[in-house]
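Taken verbatim from TrEMBL:
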type: DOMAIN; residues: 9-407; note: domain 'Major facilitator superfamily (MFS) profile'
type: TRANSMEM; residues: 7-23; note: transmembrane segment
type: TRANSMEM; residues: 43-67; note: transmembrane segment
type: TRANSMEM; residues: 74-92; note: transmembrane segment
type: TRANSMEM; residues: 104-125; note: transmembrane segment
type: TRANSMEM; residues: 137-158; note: transmembrane segment
type: TRANSMEM; residues: 164-183; note: transmembrane segment
type: TRANSMEM; residues: 219-237; note: transmembrane segment
type: TRANSMEM; residues: 249-270; note: transmembrane segment
type: TRANSMEM; residues: 282-301; note: transmembrane segment
type: TRANSMEM; residues: 307-328; note: transmembrane segment
type: TRANSMEM; residues: 340-364; note: transmembrane segment
type: TRANSMEM; residues: 384-404; note: transmembrane segment
Amino acid sequence: MNSWRAYVVWGIGVFGYLVAVLQRTSFGVVGLEAAERFHVGGAVLSAFTVLQLVVYASLQIPVGLLVDRFGSRIMVSAGAVFMALGQLQIAVAETTVTGIIGRMLVGMGDAMTFVSVLRLVPLWFDGRRAPLMSQLTGVIGQLGQLVSVIPFLALLHAAGWSQAFMTLAALSLVVIVLVLALLRNAPAGAPAAQSESPEGTRALLAAAWRQPGTRLGMWSHFTVQFSGNVFALMWGFPFMVAGQGFDSTVAAGLMSFFVAVAILAGPPMGRFVARHPLRRSTLVLGISTLTALAWTAVLVVPGRAPLWLMAVLVAVLALGGPASMIGFDFARTFNPSHRLGTATGIVNIGGFVAALLTMFLVGYLLDLQHALGLSPQGVYSLDAFRVALAVQLLVLGAGAFALVRVRRKVRRALAAQNVRVPLLRELWADYRARRRR
Ligand SMILES: NCCCC[C@H](N)C(=O)NCC(=O)O
């Protein structure tokens, strides 16, 4: 545990995840070039991303089961194989259908990576270090998005479409070689895979789902992550530029601010979770409340929102990324290691399903208002966005409601083991009494 070998294994896994995030986000930054290459408009172009995410989300449970059975080494390398094939396909594709198939292959490989890399953490690090290492996994992986935005885009402009996507495919080949050479599923002597578990596949899935801690993780992930995803992956740019009237360089600056806050917030959040494991869901609910308040302020302020208010919204949304890692921490602490992949897969569905649902609802409400003649200034007018983006408050409310319900079950189960979660007001009174002494 916590040995130099653990850091090497984890480092290779995290590199694999960073490359997966790079592959995932590479298409989003070449929207204009893609529209020209495939001769398509915005709606078809968004289908590339939506289908990729649908594949990603729908594979989470099968991937979780497979990683429990075969271990991380096979799964991370298989994921890299699919992503390399997908990017090769994109490199040569000239029609929409072949392009979308390429993106779906990328989504498939991407789906295999995160859950498998996260599964390494509790097997190689002890319980005190694991929350921080999980956060660092998320944080370092997100740097893949910066690699898409800066060097990948520069390469595309310098060398052209095919060369750029072939380079991405080659990067996944490097991952395959490194993983096969250096990544091991678990330290020698540790139980590694489901072959040693008494449960079959169906029982494994049922046991992971029945565990309220897994569902607490899923609803945490659902509630706290989706709004940032919706903003960063689809509606943030149109809202800021077409709706709020910000210059596109200011919007790009706000997006970079989003990535910076998400990266900086990860380690302190990991330390908080390690120190206060009984306050994890409170942190999730707190950040979800801030998200609702920040969106409400931006959507109700008369006229355009001032830049400082947009920056506050972006910062709050960025906190949702690291906070969503708390969902995986629930999976880790409430499940035995032989079903951790399965539980992690269940948790990971939460945020992505919420994001896909909301992306669709926002687009649908924008189109509906236009079709009904309610947005005469255009589909992407500020007033149309106010109504469409407000749907997020419903999704947030539904997630928080489900979270609080399942949290009660978790707390009852903890109480049966003589673990009582002190109320915040008791903690506050205790803190004040200690200060007086
Ligand atoms: N620092 C933000 C990390 C967010 C990671 C996120 N919670 C997540 O679910 N990741 C899954 C993935 O495949 O990236």
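Glycine residues also receive a Cβ, built from the backbone N, Cα and C atoms like all the rest.
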Interface present between the transmembrane segment (219-237) and the transmembrane segment (384-404) (three or more C-beta pairs under 8 A): yes
Range from 43-67, 137-158, 164-183, 282-301, 340-364 with the greatest count of C-beta pairs under 8 A to the transmembrane segment (7-23): 137-158
Feature contact check the transmembrane segment (137-158) with the transmembrane segment (43-67), CB under 8 Å, 3 or more pairs: no
The transmembrane segment (249-270) vs the transmembrane segment (104-125): 3 or more CB pairs under 8 Å: no
Other parts of the chain folded back onto the transmembrane segment (219-237), taken as Cβ under 8 Å at six or more residues beyond its ends: 28, 46, 49, 53, 248, 251, 254-255, 258, 262, 280-281, 284-285, 287-288, 291, 295, 314, 317-318, 320-321, 323-324, 326-328, 330, 347-348, 350-355, 357-359, 362, 389, 392, 395-396, 399-400, 402-403, 406
Long-range Cβ neighbours of the transmembrane segment (164-183) (under 8 Å; 6 or more residues past either end): 8-9, 12-13, 15-16, 19, 22-23, 26, 30, 72-73, 76-77, 80-81, 83-85, 87-88, 90-91, 109, 120, 152, 155-156
Same-chain residues at least 6 beyond the ends of the transmembrane segment (137-158) whose Cβ lies under 8 Å from its Cβ atoms: 10, 13-14, 17-26, 28-30, 33, 114, 117-118, 121, 164, 167-168, 256, 259, 262-263, 266-267, 321-322, 324-325
Per-region confidence, the domain 'Major facilitator superfamily (MFS) profile' (9-407) (mean pLDDT, whole number): 92
